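What Swiss-Prot annotates here:
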- 59-79: transmembrane segment (TRANSMEM)
- 84-101: transmembrane segment (TRANSMEM)
- Asp111: active site (ACT_SITE)
- 117-137: transmembrane segment (TRANSMEM)
- Asp125: active site (ACT_SITE)
Amino acid sequence: MPFLLLALLVLAIDQLSKYMIRTNFQPNESLPVIGSFFHLTYVHNPGAAFGLLANKTQVFVGVTVLVAIIILAAYRYLPPDRPLLRLSLALMLGGALGNLIDRLRFGYVVDFLDLRIWPVFNLADMAIVFGVIILCWQLLLPAGEQGREP
């Protein structure tokens, strides 16, 4: 799947999921989905992961724009035979843009996935984390074992 199409798909799914939560839940409302293990809990996150740096929206917007530019530049210079690296960048870009839109529209990020033992997060956060994991995995592999197309 082309890089920008995947990033846009991640962005669209993220924004649709947040729209569904915003229109069907009140802030701080929680719905058990799988017993006491998994809930849908609508929260406003004005900070970063774990609520760090709350209410620093301008900082987050600036950093996110810079990260998006770096991702696009990295993609431009990435060899075409590195599909897993391309996947990682698309996931990170789509997730970063999803949270950026929230910050620009609302001044906070909409979070709703609640595992009860971890801070509440969203699909954009998941895309970013999976993208970073794939990126690290690919960069740490010996050159001959990296996910290159034959």
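Keep in mind that glycine also has a Cβ here, set from the backbone N, Cα and C atoms.
Asp125 (active site) is surrounded by 20 other CB atoms, counting those within 10 A of its CB over all protein chains shown.
Long-range C-beta contacts of Asp111 (active site), restricted to its own chain and to partners at least six residues apart, with a cutoff below 8 Å, comprise Thr41, Tyr42, Val43, His44, Asn45, Pro119, Val120, Phe121, Asn122, Asp125.
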